[in-house]
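Chemist: The active site, nucleophile annotation in TrEMBL covers GLU103. Summarising the annotation, TrEMBL assigns active site, proton donor to GLU107. The annotation domain 'GH16' is assigned in TrEMBL to 1-215. Positions annotated as N-linked glycosylation site by TrEMBL: ASN111. For 1-24, the entry in TrEMBL reads signal peptide.
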Amino acid sequence: MAARLPPLALLAASLAVMAAVASADSWLYEKFNTDGTVRADYDASGQQVAMLNLDRSSGAGFNSKEQYLYGEFSIQMKLIPGNSAGTVSCFYLSSGDSDDHDEIDMEFMGNSSGQPVVLNTNVWASGDGKKEHQFDLWFDPAADYHTYTIVWNPTNILFKVDGTVIRCFKRYDDLPYPSSRPMALHATLWDGSYWATEKGKVSIDWAGSNYMRYNYCEDGWRFPQGLPAECSRS
C-alpha cells in the first residue's frame, strides 16, 4: 500500500534530549507505538505534543502501527541547539530487524557547539547497506523547523530537505532495491556516542546536564499563556 502522509513535527531540545511531535493525543497513540519515556502535553497553538526523553538508560521514539509499500513521508524537525555531540535524531522506514531487512534512513548526527550538523542518508535492501551519502546542511537546523522527506517508489528513492532533492537513489535491475517488504515509519532519539560525532571522537556530555529529568518552569508547551509566577522568582 502506497501512502502520502501529512508532515509530522519533531523537536529535539537540550539534554536530557526531548522530541516533540505535534498531534492530537488520540492520533499519536492510535497510529503509533512508542518506546521509552513518553509524556503528552499541549503546545502554544493548542495541539498536543508527545515528548520523548533520552537519558543514560534509554533512548526514545515512536513507530507506525501500519506498514507501507511505497509512499511519501515527511517530518518537520527542529534539532538540538548548542552542544548535541553524540546524539542521533532519526527519521526512517524499516521492515524490521532481520538480517535481510530493508531500511531507508535520514539521520542527524549531533555536533559540538559551533560545528556543522551532518545529515546522513542510507538505503538498506535485503540486508545490504553501507550506501551512505552525508550532507552539511546550508542552514542552522536548530534555529527553526524544517521539512525532511523520503519519497519511495518502484523506480527510485528521493531524499528531500524543504522540498529540495538532495539525493536520488536509483533502482537497477541487477542490484538490490527495497521493493517487496512493507516498512513502518520511525522517528527516534538515541545515544550514538560511539560513532555519531567525528566518528565517535566526541561523546554526549552527560556532565553538562544535571540529573533532573523534568522542570515545569522550562515547559512552555504546558503553559502557553506564561509560566507559573514562582518560576521567575527562583
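Backbone N, Cα and C define each Cβ position, glycine as well.
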Chemist: For the residue listed as 'N-linked glycosylation site', just count the other CB atoms lying within 10 A of its CB, please.
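Modeler: Excluding its own Cβ, the residue listed as 'N-linked glycosylation site' sees 24 Cβ atoms within 10 Å.
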Chemist: Check each residue in the chain of the residue listed as 'active site, proton donor' that is at least six apart in sequence and keep those whose C-beta is under 8 Å from its C-beta; list them in sequence order.
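Modeler: Those within reach of the residue listed as 'active site, proton donor', by Cβ under 8 Å and sequence separation of 6 or more, are VAL88, SER89, CYS90, PHE91, TYR92, LEU119, ASN120, THR121, ASN122.
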Chemist: Report the mean pLDDT of the predicted model across the domain 'GH16' (1-215), rounded to a whole number.
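Modeler: Averaging the confidence scores along the domain 'GH16' (1-215) gives 77.
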Chemist: Which residues in the same chain, at least 6 apart in sequence, have a Cβ under 8 Å from the Cβ of GLU103 (active site, nucleophile)?
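Modeler: Within the chain, GLU103 (active site, nucleophile) has Cβ neighbours under 8 Å at TYR92, LEU93, SER94, SER95, ASN122, VAL123, TRP124, GLY129, PRO178, MET183.
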